[in-house]
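Asker: Just lifted these from TrEMBL, have a look:
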type     : residues                                        : note
ACT_SITE : Glu61                                           : active site, proton donor
BINDING  : Asn48, Val49, Glu50, Asn51, Ala52, Ser53, Tyr54 : substrate binding site
BINDING  : Cys59, Cys92, Cys95                             : Zn(2+) binding site
DOMAIN   : 7-133                                           : domain 'CMP/dCMP-type deaminase'
Amino acid sequence: MSALTNDQIEDLITQSLEARNFSYSPYSKFRVGAALRTVDGKVYQGCNVENASYGGAICAERTAFVKAVSEGHLRFVAIAVSCDFNHYITPCGICRQFMNEFGKNLEIFFVNDDRTFKRAVLADILPFAFGPEDLPEK
């Protein structure tokens, strides 16, 4: 069961689908959009940005997180991730690890082009994760 209302879920879906339009993906042609909701209700959009060196690319999920963190937000409720296909895209491994930095209970909505979605919690798709709580105290 989601911590979000149906209207909040629909808003995240809409914003993730809209974020795809800003994708810079000339190499893969694989547009991805994300919408990240903070605990205080602000939503940050992100898109994937590719680079000719490939390794310099950044995923939509991390783009949304970086935008939010750079404006002082560190606590998040949910993220919606979408692409141009009806195939329930899930975050890559590095994005899962990146998101884990900010909490294992993050809700993730895998959004299809037709607005259908599946829901998961980060801890379920990144079992045995390494995070800040695993570091020794100073």
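Every residue gets a Cβ built from N, Cα and C, even glycine.
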Asker: Ranked by the number of other Cβ atoms within 10 Å of their own Cβ, which of the binding-site residues Val49, Ala52, Cys59, Cys95 ranks first?
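Answerer: Of the binding-site residues Val49, Ala52, Cys59, Cys95, the highest Cβ count within 10 Å belongs to Cys95.
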Asker: Quick check: of the binding-site residues listed here (Glu50, Asn51, Ala52, Ser53), which one has the Cα closest to that of Cys95 (Zn(2+) binding site)?
Answerer: Glu50
Asker: Out of these binding-site residues, Asn48, Asn51, Ser53, which one has the fewest other C-beta atoms within 10 Å of its own C-beta?
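Answerer: Among the binding-site residues Asn48, Asn51, Ser53, the lowest count of other Cβ atoms within 10 Å belongs to Ser53.
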Asker: Just give the helix, strand and coil counts over the domain 'CMP/dCMP-type deaminase' (7-133), going by DSSP.
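Answerer: Once the DSSP states are binned, the domain 'CMP/dCMP-type deaminase' (7-133) shows 40 helix, 33 strand, 54 coil.
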Asker: Please list, in sequence order, every residue of the chain apart from Cys59, Cys92, Cys95 whose Cβ lies within 8 Å of the Cβ centroid of the Zn(2+) site.
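Answerer: Neighbours found: Ala60, Glu61, Arg62, Pro91, Gly93, Ile94, Arg96, Phe98.
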Asker: Count the Cβ atoms, other than its own, that fall within 10 Å of the Cβ of the residue listed as 'active site, proton donor', considering every protein chain shown.
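Answerer: That number is 27.
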Asker: Consider the binding-site residues Asn48, Val49, Glu50, Ala52, Ser53 and say which one has the Cα lying nearest the Cα of Cys92 (Zn(2+) binding site).
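Answerer: Nearest in space to Cys92 (Zn(2+) binding site), counting only the binding-site residues, is Asn48.
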Asker: Would you list, in sequence order, the residues of this chain other than Asn48, Val49, Glu50, Asn51, Ala52, Ser53, Tyr54 that have their CB within 8 A of the centroid of the site's CB atoms, where the site is the one recorded for substrate?
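Answerer: Nearby residues not in the site list: Tyr24, Tyr27, Gly55, Gly56, Ala57, Ile58.
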Asker: Compare the C-alpha of Glu61 (active site, proton donor) with the C-alpha of each of the binding-site residues Asn48, Glu50, Ser53, Tyr54, and give the closest one.
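Answerer: Sorting the binding-site residues by distance from Glu61 (active site, proton donor), the top entry is Asn48.
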Asker: Among all protein chains shown, how many Cβ atoms are found within 10 Å of the Cβ of Glu50 (substrate binding site), not counting that one?
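Answerer: Counting Cβ neighbours of Glu50 (substrate binding site) within 10 Å gives 18.
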Asker: Rank aside, I only need the closest one: which of the binding-site residues Asn48, Val49, Glu50, Asn51, Ala52 has its C-alpha nearest to that of Cys59 (Zn(2+) binding site)?
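Answerer: Out of the listed candidates, the nearest Cα belongs to Asn48.
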